[in-house]
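As C-alpha cells, the structure follows; a few thoughts come after it.
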Amino acid sequence: MIRLFVAIRPPAPIRSQLLDLMGGVRGARWQSDDQLHLTLRFIGEVDRHTAEDVHAALESVRHPRFALSLSGVGAFDRRGQPTALWAGVSPHDPLKALHKKVDQAIARAGLEPERRAYSPHITLARMSRGGGPVQPLIESAGNLSSPPFEVGDFRLYESSLGPEGAVYNVVARYPLG
C-alpha cells in the first residue's frame, strides 16, 4: 500500500519565510523545509494499481497558472486544544477551482470524492497534547503576508512515516498553464 496526497510546493523564498516563524511554542512539532506544502487533496493508502489510475487521472487536469500570497497564521483545534498551526494563503478562488478539478480527477480514478470543506493552508506544526499556548505566535504573526508567488504546477506525493516524522517524495508533477 502507498500513502498519497496531492499538493502545491511553495517556492524557496516562501518556505524560508515560513521557517523563520517556527519556534517558541511548547509541544509544537515543526515541519521541516521538505515537509512544507499546500494540500489540494489527501488520498490516503491505496494499492499500486489505484496509484497508477490516480496518476493517469491527474495528468488530464487542465488549469491556468495563478498567483498566491501568504495570508495570516492560525490554529486548528479539537475541543479547545490546538492540534496544528498553519499559514493561510489567498486568494482562495483559483485554489478552490484547482482543488475541485483534482478531486473530480481522483473520483474518475475510482476513489470517493472529498466530503470535508476545503480549507487551504500550509501546516507549520502539529501540536502535542497539552502543547501551547499558541496565541502569542498567532498574534505576532497574524498579519503574515508575502509578495505573490506563481503556482506553475501541482504534485502527487508519497508519504512514508520515518523516525523523524513523515517523509514526502514527489511521485509526479503536473504543469499548469
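Cβ from N, Cα, C; glycine included.
So that you can see what the record holds, here are the features copied from TrEMBL:
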ACT_SITE  His37  active site, proton donor
MOTIF     37-40  motif 'HXTX 1'
ACT_SITE  His121  active site, proton acceptor
MOTIF     121-124  motif 'HXTX 2'
Determine how many residues of the motif 'HXTX 1' (37-40) DSSP places in helix, in strand and in coil. 0 helix, 3 strand, 1 coil
For the motif 'HXTX 2' (121-124), what are the same-chain contacts with Cβ under 8 Å, counting residues 6+ beyond its ends? 10, 18, 21-22, 30-31, 35-38, 70, 73-74, 84-89
Could you break down the residues of the motif 'HXTX 2' (121-124) into DSSP helix, strand and coil, giving a count for each? 0 helix, 3 strand, 1 coil
